[in-house]
Every structure is written in structure tokens, then in C-alpha cells.
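Asks: I grabbed these lines from TrEMBL:
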type	residues	note
COMPBIAS	141-153	compositional bias 'Low complexity'
COMPBIAS	156-170	compositional bias 'Pro residues'
DOMAIN	46-140	domain 'Immunoglobulin V-set'
REGION	140-214	region 'Disordered'
SIGNAL	1-32	signal peptide
Amino acid sequence: MEIPMGTQGCFSKSLLLSASILVLWMLQGSQAALYIQKIPEQPQKNQDLLLSVQGVPDTFQDFNWYLGEETYGGTRLFTYIPGIQRPQRDGSAMGQRDIVGFPNGSMLLRRAQPTDSGTYQVAITINSEWTMKAKTEVQVAAPAHTPTPAGGAREPPVPAGPAKPRPCPLLPAGANFLMGPGPGQPGRRQGPSPPLGASHLRPAGQGHRGLWGR
């Protein structure tokens, strides 16, 4: 039984269309299976961040990591080509970042900073016609600052210095305070001595001359 030529042409076209649909479905399924896991999920400043790629095929040509919404040379962090001596080739977006790539498509960002926040994308080249892509958002949190009190910072209290000597009271002129009697000694008069008056002077010619006698 022979198949008419027109029928063969239709059959070939239908087969080619079915194969194309199958390949497209496989590609979409592969891309949907590729995703990035962040470890930790919410990185802090100066903490290492691992972007682990899940769903990578066993064999591929290379993969590229990008930082940004677009994937081109200006946003490329690095390219990783497995099987060569230096598999990682840094791109223009690497800057001062410390990033290590792994053969399974993952990458490690050491000592992440808030400026490293953004959209990270990976593109895994399976062959010249098939590239798998995935992306994730990274937000590196800065350490929380302790709020300052409303009244501002209080100054520490000033320590008290050495005590100043207190001035002694002045004694009245002519005062003659004597120490009290010691043990076994007769009492002594305390208080100011009376002024030397005329009653204490002897008249001239009575044993000795007066104060003004000649």
C-alpha cells in the first residue's frame, strides 16, 4: 500500500510540529525547575551569602552570574567554565567584591555589604541553542543603631575634688588662751589677762622706782 505524496507531506509537517512543541515544553520545564536558594535568606552586613542553584543539568558548557535587571557585559559578575585550569573569569561588575564560583553553578559572596543588594541572575549555557536562567532578589541588612535618648547624651558627673581647708576664726587682740591644767597641776587661769593699771605700780622710793621714776 502506497501513501500518496500529499499525505506524506502533511504527515511530515505534523511530525515536525509535534517535535517542536515537545522541545519547547521541555525547555520551559527545565527553566521552571531552575531556581536559586539564598543561604541565609536574610543576610546581614559582613555575613557570607551562598546563592545555591538548584536544578542544574549534569552537563553544561558554562554559566554566567549577573548583578542587575539586565544581563549584559556591564552587569556580569563572572563567567565559570568547568574543566579548565582557571574556570572563573571575573567580569566588569565584580569590582571589589569577593565572590567564589562553584562547578554546580552556585556562588559564594563573602562579607556581604548593603551595597551588594540587588537582583542576581544566573544563565547556564547547555548548548548553543539552550540557556537556562534564574534570578533572585538579595537584600543585605545593615546593623541596627541604638537610638539616642530624646534629651541627648548626658554628661558624666564631675567627681568632687579634695575638700578645701576651712579658715580659722580670728582671735581678738590681747586674747591669751592657756591650756588647761595637766594631771596633778594646780589650775590655771584662762581667758585674757587684765590690762596693766596704776594699782599695779609701786610709789617711787618704796623698794624700787616707779615706772616713770628717776
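Using the three backbone atoms N, Cα and C, a Cβ is placed for every residue, glycine included.
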Asks: Just give the helix, strand and coil counts over the domain 'Immunoglobulin V-set' (46-140), going by DSSP.
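Replies: Helix/strand/coil tally for the domain 'Immunoglobulin V-set' (46-140): 6 helix, 47 strand, 42 coil.
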Asks: Over the span of the domain 'Immunoglobulin V-set' (46-140), how high is the average pLDDT in this prediction?
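Replies: So the average pLDDT across the domain 'Immunoglobulin V-set' (46-140) works out to 97.
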